[in-house]
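Asker: One structure, pasted below without further comment.
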Ligand SMILES: O=C(CO)[C@H](O)[C@H](O)COP(=O)(O)O
């Protein structure tokens with residue numbers, strides 16, 4: 001197993017400690033979240049726990065169900081106790097970039113209704129400043145090229161995410177993704193507002209002030225916890 005995979009697995013397994021019997025658990029998307037889902041399913045089967053999962057993508061729902069976990073739609077639960085998800089980048093203030101796996105919209109919907117959000121990452125995701133990883137912007141298909149032009153006018157160096165040479169990638173909601181570069185942008189909060197205000201943009205992958213805890217799967221494990229003011 002590669003070093004990075006080892007760290008992802010270590011973080012994902014540690015996150016099991018966030019879950020107790022009876023909880024509704026948000027199930028993230030990506031390779032690290034997949035390790036968590038597998039470990040959770042094993043724990044549930046072993047301990048005969050009653051856990052309800054709320055998935056952040058079709059593939060996480062399918063994985064969880066294939067392992068015997070109960071998965072409900074977000075609108076079928078009254079609250080989500082904790083969500084365990086991966087991230088593409090995280091800074092020391094626990095702000096992050098998500099959506100490398102194109103699931104940012106559902107991930108943000110689930111995260112914003114979760115009592116606690118825990119991210120599981122390997123060391124390569126930890127950065128002092130956000131912006132090394134391209135920021136995904138989810139846009140509706142109609143007029144996507146117009147949104148692209150607006151993002152170019154903002155000097156964000158947009159690039160459509162492609163499925164193959166000729167086909168644009170599509171999210172679970174049938175939207176397109178435009179990845180932009182934000183390494184030159186100092187005020188990420190202002191950028192988040194600007195992006196949300198563009199007609200045609202559904203969501204962006206800046207997760208600001210959402211995460212409560214980051215587990216970095218180094219040996220020994222490092223944990224970052226949100227400072228309470
Ligand atoms: O935001 C995400 C999917 O939209 C993932 O959480 C993120 O891309 C991290 O993935 P991985 O654990 O495979 O590195």
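Keep in mind that glycine also has a Cβ here, set from the backbone N, Cα and C atoms.
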Asker: Out of 14, 115, 116, 125, which one does TrEMBL list together with 29, 30, 31, 32, 85, 86, 87, 88, 98, 99, 100, 101 for substrate?
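Answerer: Among the candidates, TrEMBL records only 125 at this substrate site.
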Asker: For the binding-site residues listed here (98, 125), tell me which residue's CB has the most neighbouring CB atoms inside 10 Å.
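Answerer: Within the set of binding-site residues, the most crowded position is 98.
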Asker: Whole-number Å only: compute the distance from the Cα of residue 98 (substrate binding site) to the Cα of residue 107 (active site, proton acceptor).
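Answerer: Checking the Cα atoms of residue 98 (substrate binding site) and residue 107 (active site, proton acceptor) gives a distance of 8 Å.
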Asker: For the substrate binding residues given in the record (29, 30, 31, 32, 85, 86, 87, 88, 98, 99, 100, 101, 125), what is the largest pairwise C-alpha separation in angstrom?
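Answerer: Maximum Cα-Cα distance: 15 Å.
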Asker: Which binding-site residues of 29, 98, 125 contact ligand 1 in the sense of C-beta under 6 Å?
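Answerer: Among 29, 98, 125, near ligand 1: 29, 98.
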